[in-house]
């Protein structure tokens, strides 16, 4: 399960950014995952729940946005979404397409409560 190592790095980044912002705690993390990123949301959530204990990210809500896969034909330049004929260009019927979107996995935003807010 590679989600464990992915989530460990994700948490390190989140905690570092939150501490840099002098946050009291992290309340929400918005993540973007491409259709072909190979990341399982439920596994990331489970790993995050366990790994974030005793950190300022404990209890934070993870929100996921999905980016659909998109391809570009290397023969004619046409861009197209994934479909039944995965890598076949619908324009020229060529079999030489590259993925131009859908492999992403990144933190879009982190919502925090800062130290200046009273308890």
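The backbone N, Cα and C atoms fix where each Cβ goes, and this holds for glycine too.
Residue 2 (Ni(2+) binding site) carries neither a helix nor a strand DSSP state and counts as coil. Neighbour count (other Cβ atoms within 10 Å of the Cβ, all protein chains): 10 for residue 2 (Ni(2+) binding site). The Ni(2+) binding site annotation in Swiss-Prot covers 2.
Reduced to three states, the DSSP call for residue 92 (Zn(2+) binding site) is coil. Residues or ranges marked as Zn(2+) binding site by Swiss-Prot: 73, 76, 89, 92.
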